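So the structure is just underneath, and the comments pick up after that.
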Amino acid sequence: MSEQKKAWLLLADGTLLEGYSFGAAGESFGEVVFNTGMTGYQEVLTDPSYYGQIVVQTYPIIGNYGINTDDMESQKSWVQGYVVSEWCKYPSNFRVAMTIDEFLKKEGIVSICGIATRTLTKKLREAGVMNGVVTTEYREDRREELLEKLRQFSIVDAVKAVSCTEVQKMGAAEEGDKAYRVVLMDFGYKRNILRSLQSRGCQVTVVPGHTSAEDILALSPDGIMLSNGPGDPAENTAIIAEIAKLLHSGVPVFGICLGHQLTALATGAKTIKLKYGHRGANQPVKDLDHDRTYITSQNHGYAVDGGTVDESVGYVSHVNANDGTVEGIRYRKYNCFTVQFHPEASAGPKDTAYLFDEFIDLMKKGGK
Ligand SMILES: NC(=O)CC[C@H](N)C(=O)O
């Protein structure tokens, strides 16, 4: 076997794990989080919500079906680092454009393999997510310097880092006079949110996350879609203030993940950081209105604190069946509903895609 270059993962609690380098060589700091999906690594790598994070995959072999051009959820990878047990050198898929190693090299993602990712995940579940560094340049005499940098690291201005800067008119899959005009606020949107709207005949205009309510309403939208996105929701004070104005306008609003959290903050509720979050493709969510449970795709580290939702404003409509945390809110006072999970799937089950149809119904009722 040819000599493989070594790499290390050092955690903020001092744990040092040794493995082998793949993807890019170098050094990268981030918040270490784990994803439990058995498939969908390309969607994970290209989901902007992972900005600032080093992703650990619990599934033991990653890259079996390679990387293709169709499954990109954005134009590039946003992860700070990537940790796997084993990666697959000989992918099998008729769509393969490159191996995962080639992709990670091209994207400059410092990655490590040969790690006991399930043991690492148990540690993160017990201690909570923490900062870490993936490096091909570890030496014992650098340990203190690296630990100091890990104490300093935090994810800030995350939405600004991933959002587009120009308004983009995307049109609909099929243009017709019934097409609803939707403004998609880009906090780091996944492409399947856009596709899910376009395939239902919506004409979508994507606007930067920091666009004012006034500019959005000037586009006379039938509905406003608030996207997913990275970072601590509470840091987005300016965006939260604009969302409050949008809610008061009466235009139907549908929020996903960060969009859900920002809406809750705009209506006076609070968000909390979860110990280790929900990232994967099999999170059970109970729809309390219909007494039904769905298996959902998720990627979040924060959640709305259910106790802070004002009952006169809205109510918790969905909860996570594993830990009881808030997964959805229906607003009484506004033309709005939001979910913490991902109805657009990509990766994961499409069972909750019907929520996009509910958004269309809301726009229908909205007067068009
Ligand atoms: N996917 C998302 O929108 C994530 C929202 C937020 N950044 C969180 O981690 O909770």
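Each residue, glycine too, has its Cβ placed from N, Cα and C.
Whatever TrEMBL says is automated annotation, not expert-curated.
Now, the feature entries from TrEMBL:
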type	residues	note
ACT_SITE	Cys257	active site, nucleophile
ACT_SITE	His342	active site
ACT_SITE	Glu344	active site
BINDING	Ser49, Gly229, Gly231, Leu258, Gln261, Asn299, Gly301, Tyr302	L-glutamine binding site
DOMAIN	5-135	domain 'Carbamoyl-phosphate synthase small subunit N-terminal'
REGION	1-180	region 'CPSase'
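Features as recorded by TrEMBL, highlighted on the structure.
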residue	record	Cβ neighbours (10 Å)
Ser49	L-glutamine binding site	28
Gly229	L-glutamine binding site	30
Gly231	L-glutamine binding site	25
Cys257	active site, nucleophile	30
Leu258	L-glutamine binding site	31
Gln261	L-glutamine binding site	31
Asn299	L-glutamine binding site	29
Gly301	L-glutamine binding site	22
Tyr302	L-glutamine binding site	19
Glu344	active site	26
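Long-range Cβ proximity for His342 (active site), meaning a same-chain Cβ under 8 A and a gap of 6 or more residues, is found for Lys190, Asn228, Ile256, Cys257, Thr296, Ser297, Gln298, Asn299, Gly348. Close to ligand 1, meaning a Cβ under 6 Å from one of its atoms, are these of the recorded positions Gly301, His342, Glu344: Gly301.
Each residue of the domain 'Carbamoyl-phosphate synthase small subunit N-terminal' (5-135) gets a DSSP state, and the totals for helix, strand and coil are 28 helix, 48 strand, 55 coil. Those residues of the chain, other than Ser49, Gly229, Gly231, Leu258, Gln261, Asn299, Gly301, Tyr302, with a C-beta within 8 angstroms of the mean position of the L-glutamine site C-beta atoms are Asn228, Pro230, Asp232, Pro233, Cys257, His300. Here Leu258 (L-glutamine binding site) is positioned 14 angstrom away from Glu344 (active site), judged by their C-alpha atoms. Secondary structure from DSSP puts Gln261 (L-glutamine binding site) in a helix.
The maximal spread of the L-glutamine binding site, taken as the longest Cα to Cα distance among Ser49, Gly229, Gly231, Leu258, Gln261, Asn299, Gly301, Tyr302, is 13 Å.
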